[in-house]
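These notes concern the structure reproduced below.
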Amino acid sequence: MNDTVLKPNLIIRHYKNLHNYASLFQEMRSYTDQRDEHSPDQLWILQHHPVLTQGQAGKPEHILIPSDLPVVQSDRGGQVTWHGPGQMVIYFMFDLNRLKWNVRTLVSFAEQLMIDLIKKYNIDAYAKADAPGVYVAERKIGSLGFKIRRGRSYHGLALNIDCDLSGFQTINPCGYAGLEMVRICDLVENYPRFDQLAQDVTAYFKEKSDFNDVQVILQ
């Protein structure tokens, strides 16, 4: 049998407007629960309205300063983080069994995606074995957290572009006290905006051999 036939199709949804975290959280869960072995994998690229999200390992004491930011309990891995405008969020709804990936493969893929994306703009980033995410000179530029149900993933990564870092100052980001965050705009003068990076992500997946057909939907 031709190997191409066995590869899944991928739908990339590029959301233009800001989206509510809680609503998309429920949509991700619903898609994961209802999909079957024939369902295409999906990748959602978007920005959220400002929000704090607690992962499964999150602790209340990691929220340092009361604020008017909503706090949403999530079922992803990891601890507390901030999402908001100027931060690119990518959600991976992948059938890991079909891709023949394990959790480590998914995490490494997401980290390498961020590293490769910003390397194009002369930013040298790296991952750490003991602290998931992507770093530049010990400052964190990209975070990630996943949930796996019946071999299928949802949630994903967040890459800081030109977001307001004050949201991170109300928390211990990812549970690490004093962890300094950094943005692409801090490192590159003529930095790529959200739409450009979303196009870069689409090109990245079209070049990958893991998927048969890549369809892009603008929303």
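Here the Cβ of each residue, glycine as well, is placed from N, Cα and C on the backbone.
Mean pLDDT across the domain 'BPL/LPL catalytic' (37-219) comes to 90 in this model. Annotated domain 'BPL/LPL catalytic' per Swiss-Prot: 37-219, in sequence order, evidence recorded as sequence analysis.
Counting only residues at least six positions away in the same chain, the Cβ atoms of VAL89, ILE90, PHE92, ALA110, LEU113, MET114, GLY142, SER143, LEU144 sit under 8 Å from the Cβ of LEU157 (substrate binding site). The secondary structure of LEU157 (substrate binding site), as reduced to three states from DSSP, is extended strand. Taken from Swiss-Prot, the feature substrate binding site applies to ARG76, GLY77, GLY78, GLN79, VAL80, THR81, TRP82, HIS83, SER143, LEU144, GLY145, GLY156, LEU157, ALA158, supported by sequence analysis.
If you look up Swiss-Prot, you'll see LYS140 marked as site 'Lowers pKa of active site Cys', on the strength of sequence analysis.
Look at Swiss-Prot and you will find CYS174 tagged as active site, acyl-thioester intermediate, backed by sequence analysis.
The Cβ neighbour count for ARG76 (substrate binding site), using a 10 Å radius and every protein chain shown, is 22.
Within the same chain, the residues at least 6 positions away from GLY145 (substrate binding site) whose Cβ sits under 8 Å from its Cβ are GLY55, SER74, ARG76, GLY77, GLY78, THR81, PRO132, HIS155, GLY156, listed in sequence order.
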